[in-house]
């Protein structure tokens with residue numbers, strides 16, 4: 001799982017609260033992490049593979065939102081691999097791991113492994129948080145017709161730049177002046193915890209607001225497309241709203257235990273002796289949430305694919321298919337239109353107005369289809385309710 005306690009444990013003079021959770025049944029905890037991460041990894045890859053009987057969706061152009069959803073899944077997969085690797089070494093080489101606790105030891109490889117694996121997990125999951133925030137921003141901008149493929153470059157710069165910057169800043173302050181002689185005191189640990197949980201809290205607070213605004217904007221688009229709000233459009237708006245709700249539900253389920261656990265451990269750190277009898281219930285709650293984190297954090301990847309695409313099935317199609325390139329379809333359609341030029345003197349004003357209306361409708365359908373991508377029923381209703389489908 002992803003916790004700033006993983007990096008804190010690499011310090012020989014770690015605090016008592018970190019020592020409490022990291023030394024609690026380490027074999028069982030690592031086994032839980034390996035099992036949960038392995039199941040999530042296999043199911044996530046299964047969800048993303050092409051399936052038999054499913055025709056590739058033809059979009060007017062590639063969607064930045066669909067790219068972001070794929071990048072979120074990739075971050076979860078790589079983060080899960082980091083958990084499996086770290087937990088496997090923890091279980092398979094207990095003598096190697098024991099050297100992490102040796103102050104001023106001559107062997108630097110245990111500390112290097114401890115810091116490197118913990119940073120890998122934190123960086124990938126932190127990047128996933130930033131990508132999820134970018135998805136909420138992009139969904140809102142797509143509906144407002146202010147986003148496009150060019151913005152994906154800005155999202156890459158923001159996501160990876162902030163993830164690396166915050167991770168390196170927190171690690172530098174935590175391990176000052178060196179890993180073998182980390183200074184005691186919360187003033188060195190708190191910046192690390194803040195940089196770890198800042199993107200998580202950003203998603204929890206800001207994403208619901210952006211999703212709510214996006215749903216309102218979608219309703220306005222659907223109403224303004226034909227001047228009426230039919231049952232199909234109402235269902236489509238509801239499904240987009242449910243998709244956003246599922247995304248936030250998965251996020252809350254997978255990461256609320258981290259916030260609770262960190263709050264309990266932070267409270268224990270402020271006590272003079274965490275082994276006092278009145279603190280027994282708090283210690284138990286911290287250990288329980290620690291195990292829950294090992295189960296739920298790795299499962300985020302698979303649960304997110306369910307929220308994004310639904311269950312895609314077991315029938316994997318590994319045959320290579322040549323898919324239509326977006327600009328080829330655009331060029332062919334343009335050539336088809338130019339092959340049959342319209343008469344010059346045929347109600348040009350009326351033709352122009354219809355062309356503008358059709359273009360606006362296409363932009364509206366395109367924006368909504370990007371938000372409902374992965375939902376076949378939504379795409380079918382969108383196509384049937386489109387003025388282009390109706391021959392308008």
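Cβ atoms are placed via backbone N, Cα and C, with glycine included.
TrEMBL has this to say about the protein:
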type: COMPBIAS; residues: 358-377; note: compositional bias 'Polar residues'
type: REGION; residues: 348-392; note: region 'Disordered'
type: TRANSMEM; residues: 24-46; note: transmembrane segment
type: TRANSMEM; residues: 67-85; note: transmembrane segment
type: TRANSMEM; residues: 119-141; note: transmembrane segment
type: TRANSMEM; residues: 153-176; note: transmembrane segment
type: TRANSMEM; residues: 196-215; note: transmembrane segment
type: TRANSMEM; residues: 244-267; note: transmembrane segment
type: TRANSMEM; residues: 287-311; note: transmembrane segment
| query | Same-chain Cβ contacts of the transmembrane segment (196-215) under 8 Å, 6 or more residues past its ends? | reply | 3-4, 122, 126, 129-130, 132-133, 136-137, 139-140, 143, 162-163, 166, 170, 237, 240-241, 244-245, 247-248, 251-252, 255, 258-259, 262, 371
| query | Taking residues 6+ outside the transmembrane segment (67-85), which of them lie with a CB under 8 Å of any CB in it? | reply | 1-2, 33-34, 37-38, 40-41, 44-45, 47-48, 117, 120-121, 124-125, 127-128, 131-132, 134-135, 138, 152, 155, 297-298, 300-301, 304-305, 308, 373-374
